[in-house]
Amino acid sequence: MELLNVQHLRTHFRSAEGAVRAVEDVSFRLETGKTLAIVGESGSGKSVTSLSIMGLLDKKTARNSGSITFGGRNLLTLSEREMRKIRGNEIGMVFQEPMTSLNPVLSVGRQIGETLRLHQGLSRQAARTRAIDLLRLVDIPAPERRIDEYPHQLSGGMRQRVMIAIALACEPKLLIADEPTTALDVTVQAQVLDLMRDLQKRTGTAIILITHDLGVVADIADRVIVMYAGRTVEEAATADLYARPMHPYTKGLLATIPRLGSSLLPGEPARLEEIPGQVPSLRKPIHGCAFAGRCKFSVDLCRSKAPVLERKSEGHSVACHLADNGVSA
Amino acid sequence: MLNFVVRRLVSTIPVMVFVALFVFSLIYFAPGDPAALIAGDQASAAEIERIRLSLGLDRPFFLRFFGWLGDVLQGDLGVSVFSQLPVTTLIGQRLEPTLSLMVMTVVLSVTIAVPLGVVAAARQGTWIDRFVMTFAVIGFSVPVFVIGYILSYVFAIRLNLLPVQGYSPLAEGFWPFLKSLLLPSVALSGVYVALIARITRTSMIEVLSQDYIRTARAKGLGQGPILFVHALKNASVPIITVIGIGISLLIGGAVVTETVFAIPGIGRLVVDAILRRDYPVIQGVVLLFSLGYVLINLCIDLIYTLLDPRVRY
Ligand SMILES: Nc1ncnc2c1ncn2[C@@H]1O[C@H](COP(=O)(O)OP(=O)(O)OP(=O)(O)O)[C@@H](O)[C@H]1O
Ligand SMILES: [Mg+2]
């Protein structure tokens, strides 16, 4: 069953120096209980896409267009009041920054229980009991003790587990995890991803996993969309994408994944920047293909006409003029 | 917790001794012979000598200091040179109006200023924000006695709603008490409302841009709980600090207000004492206020630990 359908999403920010076209035509679908990965370099608009779905962007500066259909309703047309009933309840979100995303002056139990009391009307005592269960669910040892602790008493990995517990408290239909492991140590990264996969099996929640690391996508995602400069450039089933990448950008990303077993040192810069060249400025409209400037296959057509996302085979779409002309050769 | 309080109290002892030393030596900072100054121009030599002896000015400094300190520790602040009444009695008579005025001013300022600052921060850049900030500038720049006279003219003289002057003790009924304090505390509040609203706004704006506020919104919380629970608690440390400083500064403001509204409080007592060079009274009042100041600071440190679990004691 289709849970989420994003069509031609566009998110522009007004700023003193003109519009920032952070998201420029993103489309994807997500089925109930499935996992979709959104992959792309820093600044490609992944976080803005997820914040647009949650309706968390500042309405004074951000403009959305297109449609985000969730459970049959277009989220972009809902009032703030209606969105509040969805946030934290039907859609949970885990953020990129575990160290700063929890409130430093409220106890862990309070921060988990709050969602339960708000959306499910639980009593203080019931919310506490349930919060302890949730801490246990996300593998936090001694949950009866941890529940009364404050974020500064927890490690980064534990904080991210608490964030996951908060996001999953109301058993949402959709969990958006925006680079949930980027700020964590490699070993902790693997644990958190395992946990998410495990919880998905148990709760049947759909997941949007945002990452700039195609390496983590393979074992967890059913489908992948690749974003570049605010656009969807390729969408496919995970195995299909790995086996037959069509967009030169996707190929570039895949080429930068280290071989299995060669673990990455913490603090090493993002590998994706190894594709030569720079992301184009989002402040000016881009004519032609956004990737043309960095693409070694680009031809004149690429610079004059923007490619549209086209279905090339069953469940595999790509936005590239040269995609079926044997670019991979 | 108790341990912390005890430690903090013990650590204030050196400060208090220093204050006591300062207060005690006040009399030496005055130019000329203190006894002659106190006695006045028409006094006879015998009278000056009597005052000198009663102040103990004939004995060595430190001997007298420790003697005085011993008395103070036993609750004896000496006797007023002017009225011959014990200083503790004089202060006791005047304490209620001043304390009431201060408490009412603080309560009024905080209840008005904190919500104003929160709303201004939440609506940063809108007309509400600008209105609050303009109000704050006015509150800062108009002196207490001007606000006092305007308020008293409008509400007491013209509209006849509230008493013009004077103080009605709590023992004589709550409403008259409240009415007699309303105008003075509103007049005195101006500066504190401005001060607290500004710091609340600044602190809240900083907090509202933090990641955990985004998390709170992602949970589906409404504006109210986000502002007043998630944000305000984080923004509270500088606000509490300013409130604490405000209470300390109130002492000076109380003097002016008590004069404008003819309230028989400590402020008036100390002004009269200064005019009459009634050193024991001045010393007593300064000592009392210093003690109050130290206790307020202790309370504030305790409040920090309650508001922010990261503050260790
Ligand atoms: N509130 C905003 N106002 C103006 N520009 C913004 C705003 N938020 C994001 N942007 C811009 O939108 C672009 C996309 O940002 P986004 O945070 O979505 O990137 P991302 O793909 O999540 O990158 P990362 O991997 O670094 O998290 C960036 O160029 C960013 O500067
Ligand atoms: Mg991001």
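Including glycine, each Cβ sits where the backbone N, Cα and C put it.
The domain 'ABC transmembrane type-1' annotation in TrEMBL covers B:95-304.
Residues or ranges marked as transmembrane segment in TrEMBL: B:12-30 (among others).
Beyond its flanks by at least six residues, the transmembrane segment (B:99-119) meets 128, 132, 135, 170, 177, 181-182, 184-186, 188-189, 192-201, 203-204, 227-228, 231-232, 239, 243, 246-247, 250, 253-254, 257-258, 263, 265 of its own chain at Cβ-Cβ distances under 8 Å. Annotation comment: TrEMBL describes B:99-119 (among others) as transmembrane segment.
The transmembrane segment annotation in TrEMBL covers B:131-157 (among others). If one looks beyond the transmembrane segment (B:131-157) by at least 6 residues along the same chain, the residues whose Cβ comes under 8 Å of a Cβ in the stretch are 116-117, 119-120, 163-165, 183-184, 186-188, 190-191, 193-195, 197-198, 201, 253, 256-257, 259-261.
Annotated transmembrane segment per TrEMBL: B:177-197 (among others), in sequence order.
Taken from TrEMBL, the feature transmembrane segment applies to B:237-261 (among others). Packing against the transmembrane segment (B:237-261) from elsewhere in the chain are residues 97-98, 101-102, 105-106, 109-110, 114, 117, 143-145, 148-149, 152, 165-167, 183-184, 187-188, 191-192, 195-196, 199-200, 202-203, 267-268, 270-271, 289, 292-293, 296-297, 299-300, 303-304, 307-308: each is 6 or more residues past its ends and has a CB under 8 Å from a CB in it.
Marked as transmembrane segment by TrEMBL: B:281-307 (among others).
Panel annotation: around the transmembrane segment (B:12-30), residues 37, 55, 61, 64-65, 68-69, 72, 277, 279, 282-283, 286-287, 290-291, 294, 298 of the same chain, lying at least six beyond its termini, place a Cβ under 8 Å from a Cβ of the stretch. Sequence-distant neighbours of the transmembrane segment (B:281-307) (same chain, 6+ residues past either end, Cβ-Cβ under 8 Å): 4-5, 8-9, 12, 15-16, 19-20, 23-24, 26-27, 72, 77-78, 80-82, 87-88, 90-91, 233, 236-237, 240-241, 243-244, 247-248, 251, 266, 269-270, 273-274, 313.
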